[in-house]
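Enquirer: One structure is given below, represented as structure tokens, and several questions about it will come after.
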Amino acid sequence: MKRIVLAALAAVAAMSGSAFTAAADPVDDKLVIDDKEMIIRAPAPEGHPFEEVMSGWLFREAETRATEADSFANPGMLAVEQGEEIWNTVEGSAGKSCASCHNDAAESMKSAGASFPKWDPDSKKPINVELQIDKCRVKNMGAEPYKFDAPEQVALTTYIKHQSLGQPVKLDLASGEMQSWFDKGKDNYYNRTGQLNFSCSSCHEASMGKYIRADHLSQGQANGFPTYRFNTGGMVSLHNRFRGCIRDTRAEMPKAFSDELMALEVYVTWRGTGLSVETPAVRQ
Amino acid sequence: MRLTGVATLVTAVCFGWAAEAAEVAPDQVKFEDNMVAASLTDAPGNPEEGVKVFVNRGLGNCLACHVVKSLSKEQFHGNVAPALDGAASRWKMEELRAIVADSKKVFGEQTVMPGFYSLEIGDNVRKDLVGKPILTAQQVEDVVAYLATLKE
């Protein structure tokens with residue numbers, strides 16, 4: 001009953017939206033994937049500019065939301081399947097696959113996706129899932145690191161993060177020098193770039209919930225990455241998204257996995273603390 | 001024949017130089033009491049050109065953030081900022097010029113609106129855009145002339 005009322009409300013809201021802009025508020029709905037209820041609203045951690053952190057899912061159109069809620073319809077699940085294949089494929093001079101050491105990803109990777117970026121004592125930097133994969137390929141398999149956004153890198157990252165579906169994002173900022181990277185990332189977040197002179201906060205904080213042209217601005221959360229995008233008909237990695245948002249300020253784009261973007265990933269991921277991992281989320 | 005060619009060239013160069021000299025450079029624009037009193041160019045603003053700059057996504061892209069009812073044939077008006085219907089009833093021409101040239105001088109540093117004729121902009125500007133404002137002086141005058149038509 002409640003769901004029907006909600007659906008009716010949503011329909012009315014959609015119809016009453018003017019020709020210029022549709023209703024500007026995030027929807028009031030639940031997201032259940034594979035019988036698991038996702039945490040799509042969570043109380044913000046201390047020091048956060050918002051009271052509540054919200055999943056980007058809440059800001060998308062009904063059709064896009066429905067596609068993410070249905071694993072059979074979600075085209076991102078194809079990347080999960082490809083990732084599983086790679087997980088089990090032997091590569092490199094050591095004659096090993098990921099599974100040789102990590103066995104069943106459903107067990108060994110159950111919470112990894114919710115806790116990256118992590119401090120890496122070897123490189124003395126934070127690493128994300130993509131860089132951890134490269135580290136294992138080089139150090140443990142005798143294989144080459146992937147090129148940024150190689151389809152294998154995106155698929156394997158999607159597969160690993162998907163193992164944490166539903167788990168709340170939580171970073172360990174006390175480990176190593178994570179805190180100083182967090183601070184750097186925060187500076188980057190509020191720093192204005194480009195000829196258009198925007199910071200991340202211009203759009204995802206000051207204008208959150210509003211429309212910029214046809215785009216309903218969300219909080220710019222990282223919990224659904226890599227995401228499937230209808231626009232491009234493919235998967236989008238987090239650093240690809242960061243670079244796209246920076247390009248749109250008419251600035252030079254920093255390199256993927258550069259110190260600048262790794263610091264940003266630490267900070268942006270923290271801004272989604274408590275939200276479920278939704279990989280692969282669906283966006284338009 | 002040759003001589004005429006050279007003469008034309010010289011004339012063209014002179015006029016080109018003269019036209020530039022008549023423009024106020026982005027870092028020379030004088031803001032006073034939220035106003036830019038003087039036109040940025042010699043030529044008066046043309047509202048028909050202005051509306052083109054206003055809607056063009058690569059130029060003003062003003063509809064990204066503002067609704068304008070009379071432009072409802074254009075798709076996708078954003079609502080990051082107030083609707084501009086009646087803007088000319090709320091603001092004087094000189095204030096509108098200041099808002100378009102560098103909104104931060106009028107609304108403060110925190111505003112989301114870009115400065116369209118300013119070089120006080122963000123870090124790491126794309127290399128081919130360094131030293132260039134978003135709009136030319138004439139485009140600013142044209143947009144201001146268009147805004148002046150938005151009366152309540």
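Glycine residues also receive a Cβ, built from the backbone N, Cα and C atoms like all the rest.
TrEMBL lists these features:
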type	residues	note
SIGNAL	A:1-21	signal peptide
DOMAIN	A:78-164	domain 'Cytochrome c'
BINDING	A:C98, A:C101, A:H102, A:C136	heme c 1 binding site
BINDING	A:C200, A:C203, A:H204, A:C245	heme c 2 binding site
BINDING	A:R241	substrate binding site
ACT_SITE	A:C245	active site, cysteine persulfide intermediate
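How buried are these features, and what lies next to them?
Expert: In sequence order, A:W87, A:S108, A:M109 make up the list of same-chain residues 6 or more apart from A:H102 (heme c 1 binding site) whose Cβ falls under 8 Å from its Cβ.
For A:C203 (heme c 2 binding site), other Cβ atoms within 10 Å of its Cβ number 22.
A:R241 (substrate binding site) carries a helical DSSP state (H, G or I).
In sequence order, A:C200, A:C203, A:G220 constitute the residues six or more apart from A:C245 (heme c 2 binding site) in its chain with CB-CB distances below 8 Å.
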Enquirer: Cβ distance under 8 Å to A:C98 (heme c 1 binding site), same chain, sequence separation 6 or more: which residues?
Expert: A:I86, A:W87, A:N88, A:A105, A:C136, A:L156
Enquirer: Within 10 Å of the Cβ of A:C136 (heme c 1 binding site), how many other Cβ atoms can be counted across all chains shown?
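Expert: Excluding its own Cβ, A:C136 (heme c 1 binding site) sees 17 Cβ atoms within 10 Å.
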Enquirer: Any same-chain residues 6+ apart from A:R241 (substrate binding site) with CB under 8 Å of its CB? Would you list them in sequence order, or say none?
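Expert: Listed in sequence order, they are A:F225, A:T227.
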Enquirer: Counting only other Cβ atoms and using a 10 Å cut-off, which of the binding-site residues A:C101, A:C200 scores lowest?
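Expert: Among the binding-site residues A:C101, A:C200, the lowest count of other Cβ atoms within 10 Å belongs to A:C101.
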Enquirer: Would you give the longest CA-CA distance, in whole angstrom, between residues of A:C200, A:C203, A:H204, A:C245, the set recorded as binding heme c 2?
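Expert: Maximum Cα-Cα distance: 11 Å.
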Enquirer: Could you give the Cα-Cα distance between A:H204 (heme c 2 binding site) and A:C101 (heme c 1 binding site), in whole Å?
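Expert: Here the two Cα atoms are 40 Å apart.
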Enquirer: What's the longest C-alpha separation between any two of A:C98, A:C101, A:H102, A:C136, the listed heme c 1-binding residues, in angstrom?
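Expert: Per the listed residues, the maximum Cα distance equals 11 Å.
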